[in-house]
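Here is the structure we will look at.
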Amino acid sequence: MSMLTATSITKHFGGLTAVKDVSINFEKGSITAVIGPNGAGKTTFFNMITGIYSPDGGEIHLDQKPITGLKPNFIAEKGIARTFQNIRLFKEMSVLENVMVGMHTHLKAGFLGTLFSTPKVRSEEEQARYDAYSLLEYVGLADWVNHQAKNLPYGAQRKLEIARALATHPKVLLLDEPAAGMNPKETTELTDLILQIRDDKQITVILIEHDMKLVMRISEQIYVLDHGQLIAQGLPEEIRNNPNVIEAYLGKSAISV
Amino acid sequence: MKKLASLFSSSRTFQSVLILLIVLCTSTSLYLMDKSVTSFLLLLFSFLLLYYTTFSNWIKWGAGALIAFAVIPVAASGGPSQQVYMEVAVMAGIYIAMALGLNIVVGFAGLLDLGFVAFFALGAYVYGIFASPQAQALFHNSSIFPLGGESFWLFIIVGALVAALFGIILGVPVLRVKGDYLAIVTLGFGEIIRIVFNNLDKPINITNGALGISGIPQPKLFGFTFTQASHIYFLVLIVLGFVIYAVRRFEDSKLGRSWKAIREDEIASQAMGIPLVKTKLWAFALGASFSGMMGVLFAAKNQFVDPTSFTLLESITILVMVILGGMGSVPGVILGAAIISILNLQILTEITLFLTQNLHVPEVFSPAKMQRLLFGLVLVGIAIFRPQGLIPAKNKTYKIADLKAKLSKKNTKTKETTTSI
Amino acid sequence: MQEILSTLPQVLLDGLTLGAIYAVVALGYTMVYGILELINFAHGEIFMAGAFIGTALLFTFVDIGLALNWLTLILVLLLASLLTGVLGVGIERIAYRPLRKAPKLIPLISAVGISFILQDLVRFIAEYKTGNYIVTGQTVFENKIAIPAFSIGGYDVHASAIKSNTLVVIGIAVLIMIVLDIFVNRTKWGIAMRAVAQDRDTAALMGINVNKVIALTFFIGSAIGGATGVLYAQQYATINPFIGFILGLKAFTAAVLGGIGNIRGAMFGGLLIGLLEVFAAANLGILTGGALGAEYKDVFAFIILILVLIFKPAGLFGQAVKEKV
Amino acid sequence: MKRNFLTILTVFGLVTATAVGCSTDAGGNNAIKIATQSPLSGSSSTLGEAIKLGAQLALEENQEKFKKLGFTLELVPFDDQGDPKVGVSNAQKLAADQSILGVVGHLNSGVAIPASSTYENNSIAMVSPANTAVELTEQGKKSVNRIVARDDFQGPAAFGFATDNLKAKNIFIIQDKSAYGQGLAENFKKVAEQKQAKILAYEGITVGEQDFNGVLNQVVAKKPDLIYFGGLYGEGGLLVKQAREKGLNIPVMGGDGFDSSDMVKIAGKGVKNTFYTSVAADISNTSEGQNFVKKYQAKFGDKKSVQSFSYYGYDSMGVILKGLEDSITKNGNKKPTREQVRDAIRAVQDYQGIATKVGFDAKGDNKYAKVFVFQFEDKYPGKQVGVIEKQ
């Protein structure tokens, strides 16, 4: 059953077509990788799904419901969460608060409730705190609860972004280069974490990644973008040997040899 | 001095003895002497010491309230200078509340607002127009107006609501712009509001133009009129108490965290499901409402409003308070507002009087004239040397052990039912 | 209608004079914003300082017995712009450079602070020297050129007059704009400036001394501002330490209107704001039958600013920039 | 870091506190202080300072006399900055000092009105050297007096002169949108409307602006034969200058806000054909007047030119001291209470000041207030061209 479908979506920036007529269907509970050389349009594709850009053409459906062109916060509410290529944490806030912000779509505290601190609001806050803490434990950041996010080591910041995204209770999780800047040990941990997230929570995971080892290990499907166009799709094995893909990455000469 | 400080931080006995001593000494000297600015300031200083003690919050608040509600008014009532102290305290209270309001907008939500005084003006004018004879002139045949001093209580709320409403009306278009541009646009709005108040004496005379509105009634309750600064003082304390309570509630709430998230990263917070415009509007509206409330109080205290009280300099003054104290830090902002308003209203004028009278220093050198220079130096100095302010904002810290313990207890209890996080 | 038309030539002329001053001041805002993305609030005060320095110089010249003619005026212009240029560089060094990596609000706050310091310092000096901070200076060109009344298509047009100084103001302003435009687009330093404005880090990698370029930008922007101050003092004769703030705001509005960072846009914006303002002051009362008057002209300027920022934040000539995600 | 900061703050607090504390001397029982409140900083500080210096001169001249009575006189100058908030705060402060028995002030009606409530509550007699706003004395406060004419006298007087002497039929009114300017212009307009003169337009300008060409172009279009300006010399001077540059050589008329040497400095040669109403007669040619100028400049230096407000300040102080003297005599040479001084000042009936005779009516307005009309030639003060008595 498909969880997220993009139907021939297109995005122009001035004269440049960043994404052209791309259609992808993401199965529920799958792990899918979107790869391609730099400037292929991968992040633009993510930005259209999460509502940061609205596509110039085409449609996006989540769970059979249209979400094309909705504001990012509505899309987040509907169940798509993401991380960012260049980490975007709430730097001055504590690690726990970062995760708690992720929970906001599920908190009901209103203006008056907050002002008068009703028992309902208090217990909700308390619950959110515990939930956030357990998520931090889940991704392995339990010891950093009170630190400012900006003081975390790089790998931990990536993990915190994932924890924050999980806090929104997503159906679909988009990871934009989650392993960038990680050492091999951290990458292995991350690989396990992604698999675990899918297995524990039945979340559909889509990732952009340049680390091919990671991509090949965990993806069930791989889509390849080049110059904004979908040039290949298939199982990891198929992609590895696809001449179009090799050409896109290495240039024409690579094949003729 | 260092030893003293370390002794202070380590020993609670020392803390309580020191504070008691200061409060006792200063309040008796304040009570007995004709005029002693020194003891008045030292008495206020005890609040800061109290903040740095290691007592539990309940004790701190209790002691603070005791000093504010009982010790200060009684001590000040001893000499003929009572009203002077109370006047300064009232103005400081008004500024503290406004600075706390601006802190929501600038400190929490990160939106630089250079026209904040407009909301203060709105509150003041709403009460001024409807409660004074001006209303009679406006609604010719109405027998309801003017509403009089009994309506003050209603207008505290009305002032807050009107200011909040304007905060939203202005906010909707204004919040489409960001950063520096927002600062300029708010500055523009602040000026527009002032110019309009200054000119709305024609075609219909609503604000009486530059002449201002006089004869605004003082607050009345069960036949008692709050005429003196020492009466208004208690009103200010109550409203200020409410403002501090509300700010602290919001700071650690869903809304407060959303503000800070937007301040840190708009795109990420949107991706986390936070509606940008709505959250920013809440910041504008709440910040404005505190200012509006204080505007009503200000009008009732002075019995007169005119546009000269709401200039750009006023907006900048409030901003200086927030930045000096520490953006986003509630105790910091209170300290910053207290320092600046007391500096302005008491210390600078006292020093000026002293210099010109006793030392015969020419007028040109009087420090009271140097207000802008001082503000400028404070702004530049703070920006370069201590951008986080006198008392930097802190994140709330949680005891990890508590979280862990309660979590494991909960997990064992609900092991079967919880699948989602 | 007749009333509006009859004064139109004079209104256009007055608007052009005011607009030329706005335009040249706007250049300083636009250059600094283009390169640092900082609203240099103190720029209005640099303009004001230029006016005071120029006035002081002229007084000194009179004291030492120099005749006031176009030569002295040029000397004053050069000296005043040199001094204000140095002032601008000093401000950048002290109040902005240490903050280049700080969060955006911080340099803005520092800028507001500098602007207050300058206002009060000049006030103090003026008051200390003359006993009053409102200073009436020397004017070099006093004569007027009269334009006789005429009528076009049945409409009578009133006689109008131009101060010869007005022509000097417009002439020098245009000259400054042309020279600056050539400088930025044609010279090595100008290209370096544009490179730093585009991408500071890459420019540094290409061997451009970024600090030097920024200092140069401040020098030129401030020198131009200071020279405009001198012209302003010539035009209106009376100055005070607070003329810079509101004028600076309007000049900034002009810069935003034209598209901030865009030099030609700033010139256009300045002229437009000047014209609109004088037109509003002259005709609002006539158009609304007295309900709204000249006192609303500043509201007008601010409303234009707000509308432009909201609906076309890139200005009339600027390009929209999107944040990279 | 935190502790460090705490120490610094403590030291800072203590130092300022002690510095400030020193200034609070009790002053002995026979010290009597009179305060002035006027803007010593801000755009109208020339006028504010003139009030203070005038008052200071009067007080110092009388110190000997009061010493004989057994009292030391002292002046306490306050700077109200032209800001109502500061004015009220200062009023509270001077109310707190029991040895202050009277106050000369203010310059701005916008400050005087709210501050006067504080004076009234504390029974401190106030004598205003400058406030013309009608409202000030309308509420029947016992402590509030003024020696100058009210706007509802100055306005009609100006109108009378404009129509009778200057033969103005079509009038263009401009005001600076300040409390003073608006009050003056509105009262002028009111009479003009009653008398069915033709008001071509009623426009406003902004204080602090330098370019009035816009509104002047409208004047050109409407072709009036008189401009009436409600405002101070700062804008008035520029307005006159720029009007002349436009070839508008019609008479410009203003109130006592023009009554400053700076008016001539700013307007330059164009000041000719500019008229203003004032409550002080031109005494610069009388021996008293020349004497006053001599005394004034001997005391404060040549740089301080004598303004009309110097006379007003001098006379206001004179009235207060007269009332004080009366109340001391009445009280058997003992220090009088504030109430006694207040009532004695209100009771003053014919005090001959240097610029005006003073006697208060029931509201505290000066019965003898006259309005004089002056014409600028090319120096300050202008030539006196008319006197209007109260009807």
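Note that the numbers count up from 1, one per residue, in the order the chain is shown.
For all residues, glycine too, the Cβ spot is worked out from N, Cα and C.
Automated prediction, rather than curation, is the source of TrEMBL annotations.
These come from TrEMBL:
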- C:20-39: transmembrane segment (TRANSMEM)
- C:46-64: transmembrane segment (TRANSMEM)
- C:70-93: transmembrane segment (TRANSMEM)
- C:105-126: transmembrane segment (TRANSMEM)
- C:166-184: transmembrane segment (TRANSMEM)
- C:213-233: transmembrane segment (TRANSMEM)
- C:239-260: transmembrane segment (TRANSMEM)
- C:267-287: transmembrane segment (TRANSMEM)
- C:299-321: transmembrane segment (TRANSMEM)
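Proximity of distant same-chain residues to the transmembrane segment (C:299-321), defined by a Cβ-Cβ separation under 8 Å and at least 6 residues beyond the stretch ends, is recorded for 250, 252-253, 256-262, 264-265, 268-269, 273, 276-277, 280, 284.
Proximity of distant same-chain residues to the transmembrane segment (C:213-233), defined by a Cβ-Cβ separation under 8 Å and at least 6 residues beyond the stretch ends, is recorded for 21, 24-25, 27-29, 31-32, 35-36, 40, 43, 46-55, 76-77, 80-89, 91-93, 97, 137, 168-169, 172-173, 176, 180, 183, 189, 192-193, 196, 203, 239, 243-244. Counting Cβ pairs under 8 Å that are 6 or more residues apart, the transmembrane segment (C:239-260) and the transmembrane segment (C:166-184) reach fewer than 3 and are not in contact. For the transmembrane segment (C:166-184), the partner stretch with the highest count of Cβ pairs under 8 angstroms, out of C:20-39, C:105-126, C:267-287, is C:20-39. Counted over residue pairs separated by six or more positions, the transmembrane segment (C:20-39) shares at least 3 Cβ pairs under 8 angstroms with the transmembrane segment (C:105-126), which defines the two as touching.
If one looks beyond the transmembrane segment (C:46-64) by at least 6 residues along the same chain, the residues whose Cβ comes under 8 Å of a Cβ in the stretch are 25, 28, 72, 76-77, 79-81, 83-84, 87-88, 91, 118-119, 122, 125-126, 135, 137-138, 140, 222, 225-230, 232-234, 239, 241-244, 247-248, 251.
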